[in-house]
């Protein structure tokens, strides 16, 4: 389990109701930070960072209703009666979008 620092007012920080996420990780791939500014300039938001190693953990596209991608694995800590905040937020977005 690693601590991911969540950007204030990001969707993911609202879902977790926190400025950090504690989730399991399995790093085989990393985002190449040399592309960060280019991708930010076209609307990608880097909303979660593992600060100890400056690793991008969460990205969002704020212009879309729900677009969150994570390097951590929320499925490892979800349980049938206790889903992680990312899963709950995703299901809620689906329901609200289909009204």
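Placement of Cβ uses the backbone N, Cα and C atoms for every residue, glycine included.
For reference, Swiss-Prot has these:
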- 1-99: domain 'Glutamine amidotransferase type-1' (DOMAIN)
- 28: L-glutamine binding site (BINDING)
- 73: active site (ACT_SITE)
- 75: active site (ACT_SITE)
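Looking at 28, 73, the recorded positions in this record, the fewest other C-beta atoms within 10 angstroms of the C-beta turn up around 28. In the predicted model, the domain 'Glutamine amidotransferase type-1' (1-99) shows an average pLDDT of 93. Each residue of the domain 'Glutamine amidotransferase type-1' (1-99) gets a DSSP state, and the totals for helix, strand and coil are 31 helix, 26 strand, 42 coil.
A straight line from the CA of residue 75 (active site) to the CA of residue 28 (L-glutamine binding site) spans 17 Å. With respect to their backbone Cα atoms, residue 73 (active site) and residue 28 (L-glutamine binding site) stand 12 Å from each other.
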